[in-house]
Structure formats: C-alpha cells, structure tokens
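One structure is given here, and the rest of the page talks about it.
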Amino acid sequence: MNTNELWQAVLGELELSLSKANFTTWFKNTFISDLEEHAITIGVPNMFTKAWLEKKYTKEILRSLQELTKNSIKQLSYRVQSRPTNPQGMPLFEKGTNPEPSPSPSNQQASYYQPQQTHEVKEIRTGEFSLNGKYCFETFIVGKQNELAHAAAQAVCAQPGGIYNPLFIYGGVGLGKTHILQAIGNELIRKNANTKILYVTCERFTNDFIGALRSNRIVEFKNRYRTVDVLLVDDIQFITGKEGTQEEFFHTFNQLYQNNKQIVISSDRPPKTIPALEDRLVSRFECGMLADVGSPDFETRCAILDTKCLEKQYSLERDILHHIATVVQTNVRELEGALNKVIAFHQFKNTRPTLESVKPILSSFQPTSTKKNITPKQLIITVANYFDIHMDDLLGKSRQKRLAFPRQIVMYIMREEMKASYPSIGMELGGRDHTTAMHAYDKIMTCLLEDEKLQHDIELIKQKLYAL
C-alpha cells in the first residue's frame with residue numbers, strides 16, 4: 001500500500017459517516033503530501049479547510065490512519081498545498097521499521113510534494129464589480145441542489161470553450177449564481193494569469209453599450225467585449241425588452257462562440273421563460289449546458305453556516321446552527337444575513353449566544369416571499385429616522401459623511417430589496433445620475449464584507465421598514 005491508496009481508504013471510511021455536503025466541502029482536493037517517521041502531512045486547498053479539519057476531524061482521521069497502518073502513524077498535520085494532477089504515491093513503512101529514505105534532490109518525484117506556485121487572484125475591474133477573491137470553488141458548498149451547476153463550472157475551467165459552451169446557470173435570488181461565475185473567473189486566472197476575463201452584469205453591458213453609442217465609441221466597446229477569452233454575464237434576464245442591447249449581445253455572443261471563447265451566463269429563470277427575449281438568443285443560450293441551482297437542503301445549510309462561522313472566526317454551538325438552518329430555508333444570502341444578525345447582536349451585548357437568546361432574534365425573520373411591498377419614500381423616511389437626519393437633507397446635495405453614507409445605504413437597500421434600476425434610484429434620491437447609484441451600491445457591498453456594525457445597521461433598518 002502506498003500513500004495514495006491509504007488516503008483513498010481513509011476517505012472511504014469518512015464518507016460513510018458524513019453527509020455528502022460535508023464530505024465534499026471539507027475533503028475534496030485533499031491528499032497525503034508528506035510522510036516522515038510515524039508522521040503524515042495532509043495537503044489541503046486553503047486555510048479554511050486546514051482550520052476546520054484541525055478543529056473537527058483530526059481525531060477521526062488519525063484513528064482511521066492508525067487502524068489502516070497498524071498504529072504506525074502517531075502524528076498528523078496539515079499543509080495548504082495545491083493537489084498535483086497525478087500525485088505519485090509514496091511507499092508506506094511497516095510497523096517497527098524505519099521509513100524509506102527521502103528521494104534525493106535529483107529525483108524528480110520530490111517535485112510532486114513541493115508547494116506549487118499559485119497566482120494571486122487579480123482584482124480585474126472590468127465591469128460593475130471586480131472579481132472577488134473570496135468567491136472560489138473552495139468556499140462554495142456543494143449540495144444536491146447545485147451539484148450539476150458546480151460540476152459544469154469545473155468542467156468549464158478544465159476545458160474553456162469546450163462542450164459546456166455556453167454555460168447557462170439559472171435559479172432564484174441568493175442561491176450562489178454569482179459565486180459560481182466569479183469562481184470560474186478566479187480559477188481560470190489561477191491557472192493562467194494571462195487569461196483575459198470580463199465579468200459584468202447585464203445592466204453594465206447595457207449601460208456600456210448605450211454610453212458607447214452616445215459618445216461614438218462603439219468600436220472601443222466591441223473591442224472590449226469581443227476580444228476576451230471568457231465572458232461572464234450576470235443577471236441576463238434584465239436584457240428583456242431592450243431590442244438594441246439584445247441585437248448587440250447576439251453579435252457579441254456569435255463572435256466569441258465562433259472563436260471558441262467561453263461564455264457563462266446567469267439568470268433567475270431558464271431562457272425560454274425570460275419575457276420578450278428574442279428566439280435567436282434563446283436558441284443560443286440553450287445550445288450549450290443549462291444548469292439550475294435550487295434552495296439548499298438542511299445539511300447543506302448547516303455546512304454553509306459552518307463555513308461562514310469559520311470565515312468570521314466565530315464559534316456557535318451546534319443546536320444554534322441547526323436552529324438557524326431550520327428557520328431560514330430560502331437562500332444562502334438570507335442564511336448569512338440571519339447568521340450576521342445573531343453574531344452582531346451578541347457582540348454588541350458582549351454575551352455568548354445561547355439557543356434561548358437566538359430564538360427571539362430570528363422570530364421576525366420572514367422569507368422574501370412574505371415581505372410586503374415597500375415604497376422608496378417609506379425607505380427614505382426609515383433611513384432618515386434611523387440616522388436622526390432630516391429627509392430633505394438626505395435628498396439634498398450635501399456631501400458631508402453624516403449625510404452621504406446614509407444616502408448610499410438607501411441606494412443599496414433600494415437595489416437589494418426593491419430590485420430598482422440604477423436610473424430610477426438616482427431619480428428617487430434627488431435626481432442624481434445613475435452612476436452615483438452604481439458607485440453607492442458597490443461601496444456598500446464592499447463595506448459589508450468587513451464592517452459588522454454596518455451589517456447590524458442595515459438589518460435593523462430592514463426590520464423597521466417591514467414593520468411599518
């Protein structure tokens with residue numbers, strides 16, 4: 001038996017005792033990277049996995065290794081390291097004997113067990129958002145509801161422009177479509193830093209096209225969109241009713257497709273059900289791979305919460321995580337929102353969460369489908385009252401931070417909760433330009449990744465808004 005065979009045996013035992021979501025999330029791309037005297041090092045893809053395996057699974061892994069090697073393995077450690085494409089198994093030593101000497105530096109086998117050089121994910125400002133390094137396959141939780149989309153996305157990364165071209169991913173709000181699109185971009189950049197990738201929302205594509213027409217820069221526009229290696233387009237459903245944009249996207253699609261360039265598109269519904277979408281675009285979108293993503297099941301929701309807690313370096317008891325996963329069944333975005341709400345409340349109170357303290361916090365949590373309709377005026381009044389400022393000041397031209405930041409929060413919530421377009425958001429906020437609304441949304445999105453007080457503020461504003 002060599003190290004490859006040993007690790008496959010260990011994984012086989014672990015798979016029997018774990019849910020599919022947990023097994024796939026934490027043990028995919030792991031391998032035995034080093035073997036020394038009575039000690040084994042496991043290679044893992046990232047720090048999240050390393051920390052989680054150390055915390056949750058070391059005893060089980062070590063016990064399984066000892067059973068399979070007749071107690072020859074005494075120590076277990078982890079190392080962040082890319083898995084070789086074809087790792088060569090190292091021979092195991094028998095109990096009571098010394099391990100075989102390490103290969104000499106001249107032996108090419110040694111290179112399989114050296115950390116491979118990886119490219120940092122570049123921040124590519126090609127559209128409304130940059131590629132965000134946190135959106136990668138390692139942080140994407142796989143369950144029954146998204147395993148097809150996940151597998152198709154990985155196939156695209158293995159062979160861009162291949163049989164899964166275009167890849168069309170559809171599903172409801174907050175189910176991970178953007179995560180998959182950006183993970184594809186980040187993975188392809190990791191493999192080849194020179195890959196030319198363009199990630200845009202449909203609205204950005206439309207705005208760029210209109211802007212190019214108005215400023216007589218259509219050639220520049222075409223060069224930007226038609227010379228990429230990979231085009232990632234989010235929320236294509238917003239192309240509905242825009243005849244000129246559909247015409248331009250059709251020609252952009254054709255040129256990329258004919259040049260074997262990869263196209264990945266996301267939508268909240270399948271192509272045939274997008275209103276007023278031209279038949280020729282429906283045909284193009286359906287000629288590759290269609291993959292849907294649905295709401296996560298209970299096990300997947302628990303795995304998602306585990307990962308989010310690890311990212312935030314915050315520990316919650318299992319019964320609390322189970323309660324959150326039971327209460328929030330809609331999508332990943334609301335699941336993380338509920339978790340943020342629990343964490344922020346107890347951090348401000350400086351107390352440890354208990355099941356009894358968490359239940360009231362989530363008692364008002366309601367699925368999106370049951371939320372009542374709100375108006376821009378109600379939102380503006382709610383935010384003005386929350387920050388104790390006059391509504392006229394909020395709508396005014398002052399750029400003082402005490403007014404500008406609440407104004408940006410209004411724009412963010414109007415976009416997230418009301419699905420308002422950027423031009424309409426600008427008009428509601430004192431007739432501002434749509435680019436101001438875009439900048440505000442982008443800024444708040446970025447701040448929310450790190451600022452837990454802002455997360456708490458927006459959650460409270462939404463509670464007050466829906467309680468009206």
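Positions of Cβ are set from backbone N, Cα and C atoms, glycine also.
In TrEMBL, annotation is done automatically, which means it is predicted and not curated.
According to TrEMBL, the protein carries these features:
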- G174, G176, K177, T178: ATP binding site (BINDING)
- 79-88: compositional bias 'Polar residues' (COMPBIAS)
- 105-117: compositional bias 'Low complexity' (COMPBIAS)
- 163-295: domain 'AAA+ ATPase' (DOMAIN)
- 375-444: domain 'Chromosomal replication initiator DnaA C-terminal' (DOMAIN)
- 1-101: region 'Domain I, interacts with DnaA modulators' (REGION)
- 79-117: region 'Disordered' (REGION)
- 130-346: region 'Domain III, AAA+ region' (REGION)
- 347-468: region 'Domain IV, binds dsDNA' (REGION)
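Location within the structure of each feature annotated in TrEMBL.
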residue	record	Cβ contacts under 8 Å, 6 or more apart
G174	ATP binding site	T330, N331, V332, R333, E334
G176	ATP binding site	F140, N146, V293, V332
K177	ATP binding site	A149, I169, Y170, G171, D234, S266, V293
T178	ATP binding site	Y135, D234, S266
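For the domain 'AAA+ ATPase' (163-295), the predicted model reports an average pLDDT of 92. DSSP states for the domain 'AAA+ ATPase' (163-295), grouped as helix (H, G, I), strand (E, B) and coil, give 67 helix, 26 strand, 40 coil.
Excluding the listed site residues G174, G176, K177, T178, the same chain places G171, V173, L175, H179, I180, S266, V293, N331, V332, R333 with Cβ atoms within 8 Å of the centre of the ATP site Cβ atoms. For the region 'Domain IV, binds dsDNA' (347-468), the DSSP-based tally of helix, strand and coil residues reads 85 helix, 0 strand, 37 coil.
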